[in-house]
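Some notes on the structure that comes next.
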Amino acid sequence: MANFMSRNDLFLFLGFTIVVLAMPIWLAPFGAGYPDLLQRFMIYGIFAVGFNILFGLTGYLSFGHAAFFGVGSYAAVWSFKLLTLDAIPAMIFAVVISGLFALIIGFLSLRRSGIYFSILTLAFAQMSYNLAYSVLTPITNGETGLQLTLSDARVLDAAMGQTLVGQPVPTLLGQQLSGYAGFYLCAGFLILSFFIAQRVSGSPFGMMLKSIKSNQTRMQFTGFNTRPYALSAFVISGMYAGLAGALLAVTDPLAGAERMQWTASGEVVLMTILGGVGTLVGPVIGAWLIKYFENILSALNDQILANFWSFLPEGAADLMVQVTGKFVGDGWFLTLGLVFVLVVVFLPGGVMEGVRRIAATLKRSGTPDSKSRQTQPAE
Amino acid sequence: MTLLKRGLSRRRVLQTGMAGIIGTGVAPMIFTKGAWAQEFCNNPTGDTVTIGLNLPLTGAYAEEGADELKAYELAIAHLNGEGDGGLMNVLTPSALTGNGILGKKVGYVSSDSQTKSDVARAGATRMIERDGAIMITGGSSSGEAVAVQSLCQEMGVIFMAGLTHSNDTTGKDKRRYGFRHFFNAYQSGTALGPVLSNAYGNDRRAYHLTADYTWGWTQEESIKNTTEALGWETVEAVRTPLGAGDFSQFLTPVLNSGADVLILNHYGNDMVNSLTQAVQFGMRDRQANGKDFQIVVPLFSELMAKGAGENIKGIYGTSNWHWNLQDAGSVAFTKSFGAAYGSPPSQAAHTCYVQTLLYADAVERAGTFYPPEVIKAMEGHEFDGMGNGRTLYRAEDHQCMKSVLVVQGNDAPTSEYDVLNVVQEVDRETVNYDPSIFGGELGPAEPVPVCA
Amino acid sequence: MFEVIFLQFLNGLDKGAAYALIALGLTLVFGTLGVVNFAHGALFMLGAFCAVMFRQFLTLETVTIDPTQLSPWGAPLEIREPLVQAWFGDFGAILVNYSVPASILITIPIMLLIGIALERGIIKHFYKRPHAEQILVTFGLAIVAQEVIKSIFGPNPIPQPMPTDLRGAADIGAWLGMQANVITYPLWRMIYFLFSAVVIGGVFAFLQFTTFGMVVRAGMADRETVGLLGINIDRRFTIMFGLASVVAGMAGVMYTPLLPPNYHLGMDFLVLSFVVVVVGGMGSLPGAVAAGFLLGILQSFASMTQIKAFFPGIDQIIIYLVAVIILLVRPRGLLGRRGVMES
């Protein structure tokens, strides 16, 4: 680790950056080249990268990360309401608040490990969700969701003498953030997040986290206290979640309690596993896949299916519409469930393991190259 | 996948490029809104116009969502001149032609909102940005309605709310781009009061169980105000978590609380569960304070009534509309819907159908899809024939002012759909109120935001 | 005040009965197979849908359409003839009336089959894999199960009426020789409590007094040694998984009149049941039962307005709060053993 970045790392990072920035172009033929979905790709990518810092490196499976995501959203919207419509203070505020929140929950939850840890995080997140939906309505606006109104205070904006016409929307240095501007902002943050995750995972700190995963007991026997390391990882991944939540509020300024529900925590687990836990790129790919299928499969209806199968004879076409109809539209979750089970059973390393296996097969059939690719890119 | 693609317009490509430059912070600040003077979000340029249906196809209000979808399909068919025309024949005054809207054929895209505000907003964004929806409509909860309504204000797209009953939708959260045909909790209270007084007298002690979120609270407040004005005493108002499933721990304390009326401010599956369980607790066979114990469900829907089965018999509530009303509009709609789907329409279906026609009518009258003009055409518009008597789209808060139904669970149903009886049609003047009591601000219609 | 507290206690027992039953099955699987089964809620839901299916089968109708007559909404009139009554007369009517308890008879074999198939098909391959992967695969299975049910039965809850004789409330106060009409409680909820007591007692007796149970208990304590003794422990474990499925399924069947089941029922109970199991102590059967009743009673009392006046929103979080406190104070739950599930 003498030079700043190894060649492999640099290539990975540059490749990732190019792929992300070019998304509006290469995703358009797949029906996904519109800003809202692209923003979500970025935001949930950040969420998953952060989750992987905890789960992928230390092996602690948190079932409550959606709480930090939600806290980030609420903090950002409050910053828009009270301070200014500018996105920068909102994001700083959101990351700090969700970091503090993660510190408290992490401090308590990390006193236990294994499934006890999972249940503790789950319990904290469910408490946050239930309270946000009901008693905390003055802060969260409950079911309706916290949103911006013309009558908000916005102290800083008022001090700068800015007045508003129309529905208030977040800005960045005066530039509106809906549409593609919002996408590039989120993309910038995803790339930054990816870069930080890459550094973390290659650093001595990252090694320490990985050794917690491989053998915590042995670490403790050597008189080493692992908890501060695990807690740091927990807080970092909580801040990632807060950042993602804040970005969701920046691009669409409404914070609803549903994004804190345990199923939302489950979703980021699914993303990470599907893509490949412990790898850098995997979680992002998992997030993209799930968000893509959620938006595209769920929008397919019988009419579109009928068009698709229209080349078949009538009876067969109807049958195929019936059968495939069960797996798309509001049945897309069935597809997700099946794919997920198959991945866990046959491909525990997710998409990334699949890629590695294919690459290995190709290599074996091709030139007898060296075995250098076998090592993890981050090492 | 090419089926899904809407093609990149020239403007869109330009925007993409520009936003890219700006997003990376290179461009000077020349990019301001209003750069396209006469352009607005999703201005339909082809020979079709797309509306976006945001429906709860899963979640607590899924049954309403499925019925709403049927109503929209029917309304769109009628607008395009297919089928029997339904309510188009009875709407007065009407500018509808039966040839689409402004000569453009109407199509739709839909999205499952899962009865969640977040998801509803994401779905609406997708339909506006990707599918080019000119108008968003639907929904079965006030949370959804309020969330999507403010999104539509940001995007400059008109929102025609589906089923939403909270006072907030056209009260403190009202928006210039949002319109509501459905009635609200305040009107439920006003309509229900005299009927309750007649049936149960003025010396009652009420116990509220309230869904613990905004809609529940506004309804509890409205009903409490009404009943307390009658002379009823409120023993207790208990908040229950949304989707609690088992309400027994909240029902047990009712038994010996000294109350003789239980008011359930629940809707959807929550209402079916809490009512069914209250009946299992023997509350309808009980005596308290020397009177028969009674249950009241202020907001009824025939779909819920069907789910609750015979537990609903004799119970009072209010509705926006019911299919066995005998005016020409209701008869026409029931026939048309029944012929198409084999069952009578629910109030959710009715309100969604009417909203679609009203939007189309406003566009025809305005002669353009340009939202500020359409809004102007809708504001203060008075019409008749849609099943609720003479109706006014009030300009001050975009609330439809019309008669409200007080209904009662049918004791002797002749079919599984014949679950409610209309007890009284409370006219528009009686349920009228001053729009300023709920505050809120509509905001401006112009400049029109241009969505991405 | 006494009657208020007594009723709330009764309600706690009744809620706790459901929690205890679900947690019992979950603990059986964990204690014997060492598998963390996130699909257990789905098994509860599948059981409930056995009752739905049975009733739909019993209430099959012949539909003849009479085109000469129109219904009030303008569709041709449908004349419906229930088949079971037509074939079996009064017995058919009684069967329909008692469809919920009767469906237990078909639930037992169905759930046994589902359980065995799951264990042999998938779970078996996960004994040696990390707990995190067990959680993930069973979580995926739970999603698949609920989505399959959704695509067959639709997203809406399907009400299951209870037998007419068992509806309404029982005057428990009068039974106990107190004033009439003060302490009344729904009859079916009492039945549910008794039912769960019988099932729990049955499971304990089975493990305690049969050779099979003895071997399984030995296997729970020390799997390797039992294997070395030449006992085919795997086959017994398969049966235990089937048994746990049956317990979950029966709990689901009897719950249907209280809460109309929909596809999501399992997920709603899953989180709760895990909290119960962890509070009781992973792997401890008595712990699971005790924690089920304890949490049921606490939840019931936390919902009283007198309590909520002091702690707003306590009814929303009580279960999780208790779980957090117990896990922090007593790391292994109420009755858990050392060293279970900590890596």
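Cβ coordinates come from backbone N, Cα and C, glycine included.
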Listed range which TrEMBL flags as transmembrane segment, given the options C:61-82, C:237-258: C:237-258
Intrachain residues whose Cβ lies under 8 Å of the transmembrane segment (C:191-216), provided they are six or more past its termini: 13-14, 17-18, 20-21, 24, 28, 32, 166, 226, 231, 233, 236-237, 239-240, 243, 247, 250-251, 254-255, 258, 285, 289
Recorded stretch that, among C:16-36, C:91-114, C:135-153, C:237-258, C:309-329, has the most CB pairs under 8 Å to the transmembrane segment (C:270-297): C:16-36
Positions whose Cβ lies under 8 angstroms from the transmembrane segment (C:16-36), at least six residues beyond its ends: 43-44, 119, 123, 126-127, 131, 134-135, 138, 192-193, 195-197, 199-200, 203, 216, 219-220, 223, 237, 240-241, 243-245, 247-248, 250-251, 255, 269, 272-274, 276-277, 280, 282-285, 287-289, 291-297, 341
Outside the transmembrane segment (C:91-114), six or more residues from its ends: residues with CB under 8 Å to it: 43, 46-47, 50-51, 53-55, 58-59, 82, 84-85, 160-164, 242-243, 245-246, 248-250, 252-254, 256-257
Cβ contacts under 8 Å made by the transmembrane segment (C:237-258) with residues that lie 6+ beyond its boundaries: 18, 21-22, 24-26, 28-29, 32-33, 37, 40, 43-52, 100-101, 103-104, 107-108, 110-116, 118-120, 123-124, 160-162, 188-189, 191-192, 195-196, 199, 203, 212, 216, 219, 265
Distant-in-sequence neighbours of the transmembrane segment (C:135-153), which means Cβ under 8 A and at least six residues beyond its ends: 35-42, 45-46, 49, 52, 118, 122-123, 126, 262-264, 266-267, 270
